[in-house]
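Among the features that TrEMBL reports, domain 'Major facilitator superfamily (MFS) profile' is placed at 27-477. Taken from TrEMBL, the feature transmembrane segment applies to 24-43, 68-90, 119-143, 155-174, 180-200, 301-319, 326-345, 386-410, 422-446, 452-473.
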Amino acid sequence: MAENTPLLKGRSTSSESKINDSKLYLAVFSAILGNFSFGYSLVYSSPVLPQLQSPDVDPRLRMGKEQAAWFGSIYTLGAAAGGLGAMLLNDLIGRKLSIMTSAVPSTIGYLLMGGASDFWMLLLGRFLTGVAGGMTAGSIPVYISEISHKRVRGAMGSCPQITAVTGALALYALGLVLRWRWLAAVGGVPALLMVVLLVFMPSSPRRLIKLGREQQAEKALRWLRGEHYDTQVEINDIQHSINTQAKVTWSQLATPVYYRPILISVGMRFLQQMTGITPILIYMEPIFAKSKVSLPARYDAAIVGAFRLFAVAVAASLMDRAGRKALLYTSSLLMFLSSLTLTIISHTTLCPPGPAPLNLTTSLDYISHDAIGSALDASQQTSAGLIPLISTMVFILGYAMGWGPITWLLMSEVLPLVTRGVASGLCVAVSWLTAFALTQAFVHLVEDHSLFVPYLCFTVVCVFCLLFTAVCVPETRGRSLEEIENYFRTGGTFTITRSPSTE
């Protein structure tokens, strides 16, 4: 095909205009219920830790610094194990069944935590919910990208992030009124609902074609696109993509078409975690308790959770308009500015009040000046107490606009089809192993050096995020999966351009 040959000819453009996305939305909704459960379970420790550290809790469940660090971080270790499981299951049993299987460790984990009578039950339950979270994180973005057409893939690719944030907000809101055992009981419901709905959803058409089941793939595409959609064009494109790829050998992994997208995906998942988003979410209430905020810490956490949902919704509306790289630049800059502010205020200490004046004229004047000074001091403390909250909200906004959803989306877009199942599991495993090390160290860093040291590290990482975006990340907005693969195969240029009428 010539370089200036339109990718989509007249018949495919006409067919795209007849697409009915209603059933696609239903399939996506069924899958992303797993992300709701993931977001809920990730931040479960935020309202639960203060309850389990209180003096009136059962001594067998009471947590000190070391126990709290493990309870917060073992989730990410489980997510790494789940990512490795997804690496195997994605290609062994398929994307849809991998997502459904995640409900097993999720349900068992919540049952253990809800009925815990000893600390080990809390740890094991948290680990198992982490396994489920890692499995969904490694399978759902791939499933969504393979059932979506490119016109809506950006918006659909942001849905896992939106529902994960919704799950976290639900946990923060329920944490205001429910005790930790009831929070665990509620957490098991979304995964069970996900399994029920996914039974009626189609498998990935790309996987079906790869297995030689073209009739089933055609049936799945017609269900996803509508009765009037010409499925043959899309089937031919997918079949051509599969036919041009043989089984990958270790020597072939050294070629740019494979190692470049894998390194980009792994690098983005590593940097995403190094920004500090996971420990901030997991320890949000304890962090606010140490930051001298104006409101009670649990209300600050709920406010940030609600704002995070708003930020992700805004990011989803911009995903296919502003472009991936523009949003990543904006995301890195906002996170840098907010983490720098948090670094400065965590290092700044209030000066102690000075001695009273020696020559006061009357006691009335003294009382008057003292009252005014107290009022001004209270006002300054109230204003200063809003800075950590506002800075955290800006950090969450920045993360939600780019490094949150786009990292997931790009992973599912740039990875070659032949390596997508294994490589996506590898990305998730690297991401959560990084999160485990960072979350485990966070509690000790805060206890030994205050919040200043971790915030300073997060600020430096945001600079690396800017550089990585500029040097390594390609723009994938408006490109088909086949065009993106061709980008890496040809050394960095999209060789198939589209005509103005097609655009």
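Just so you know, glycine gets a Cβ as well, placed from its N, Cα and C.
A TrEMBL annotation is a machine prediction, not a hand-curated record.
Between the transmembrane segment (326-345) and the stretches 24-43, 155-174, 301-319, 386-410, 452-473, Cβ pairs under 8 Å are most numerous for 386-410. The stretch in closest packing with the transmembrane segment (119-143), judged by the count of Cβ pairs under 8 Å and taken from 24-43, 68-90, 422-446, is 68-90. With pairs at least 6 apart in sequence, the transmembrane segment (180-200) and the transmembrane segment (422-446) have fewer than 3 Cβ pairs within the 8 Å limit; the two do not touch.
Contact between the transmembrane segment (386-410) and the transmembrane segment (68-90) is not supported: fewer than 3 Cβ pairs lie under 8 Å, counting only residues 6 or more apart in sequence. Cβ atoms under 8 Å from those of the transmembrane segment (68-90) belong to residues 41-42, 44-45, 49, 52-53, 97-98, 101-102, 105, 122-123, 126-139, 142, 278-279, 282-283, 286, 420-433, 435-436, 439-440, 442-444 of the same chain, restricted to positions at least 6 beyond its ends.
In terms of C-beta pairs under 8 Å, the stretch of 24-43, 180-200, 301-319, 452-473 lying closest in packing to the transmembrane segment (155-174) is 24-43.
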